[in-house]
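Annotated features, as they stand in Swiss-Prot:
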type     : residues : note
CARBOHYD : Asn53    : N-linked glycosylation site
CARBOHYD : Asn82    : N-linked glycosylation site
CARBOHYD : Asn100   : N-linked glycosylation site
CARBOHYD : Asn129   : N-linked glycosylation site
CARBOHYD : Asn205   : N-linked glycosylation site
SIGNAL   : 1-21     : signal peptide
Amino acid sequence: MASSVLLVLSLFLVLLLTQASAELFFNFQTFNAANLILQGNAVSSKGHLLLTNVTHNGEPSVASSGRALYSAPIQIRDSTGNASSTPTSHSYTLQQIFQNVTDDPAWLFALVPVDSQPKKKGRLLGLFNKSENDINALTVAVEFDTCHNLDWDKNSIAVNLGIGSVPWNFRDYDGQNADVLITYDSSTKFLAVSLFYPITGKRNNVSANVELEKVLDDWVSVGFSATSGAYETHDVLSSSFASKLSSLDECPTGENLLNKIL
């Protein structure tokens, strides 16, 4: 078996807006299943969030897929159509076993429809049902793709927005901490991602114009999705999220904070 490597990522997402008054905040330094919607192979173990399966030897399982969402719906835009301001931060651990793979491993921070179910595994990342533009997905995600697939990936290992990507040579930064800053400015509709390695000072950037209010429902679920092709494991160590709106509407009928494990 080839050697394994470890990457710890701290992800900071900031969606910036000029108007903000109603606020929502949560902070998980450890994870409790009672506060989460766990789907597919995702589990909470010893305070960590494990998105994909591992074998009894601690190696990644083939074709594993999992999603973990905060159990309360999040209002992403108000009744006037304004998008929200949402700063959030997360820390991750990825462990890779380098070998031949049949599916693309990747992990994502995602905004998905409330009560949505996991979609197809592998290259569709548990978020989509088809490879073409899936207009029914109503999903926005930032993908960290640690496997280069010649058929699908135009660049090397990459940070992707779906509508743009930047090469990310994961193997050059084995075991290093990385900080990710994601910002959305609703006045300019500009979404930007910056991946920074403090030890080396190396930074990668990708950006795109996205009208979140035209892509997402008023209410969304916030969380993570990951897939594995016998290549890597995906652990979330901590997470915090805040949302600010000019006004806060009533939560959709029938939605609550109860845990759902699927």
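Here the Cβ of each residue, glycine as well, is placed from N, Cα and C on the backbone.
Residue environment of Asn129 (N-linked glycosylation site) contains 10 other Cβ atoms, counted within 10 Å of its Cβ in all protein chains. Among the glycosylation sites Asn53, Asn205, the residue whose Cβ has the fewest other Cβ atoms within 10 Å is Asn205. Secondary structure from DSSP puts Asn53 (N-linked glycosylation site) in coil.
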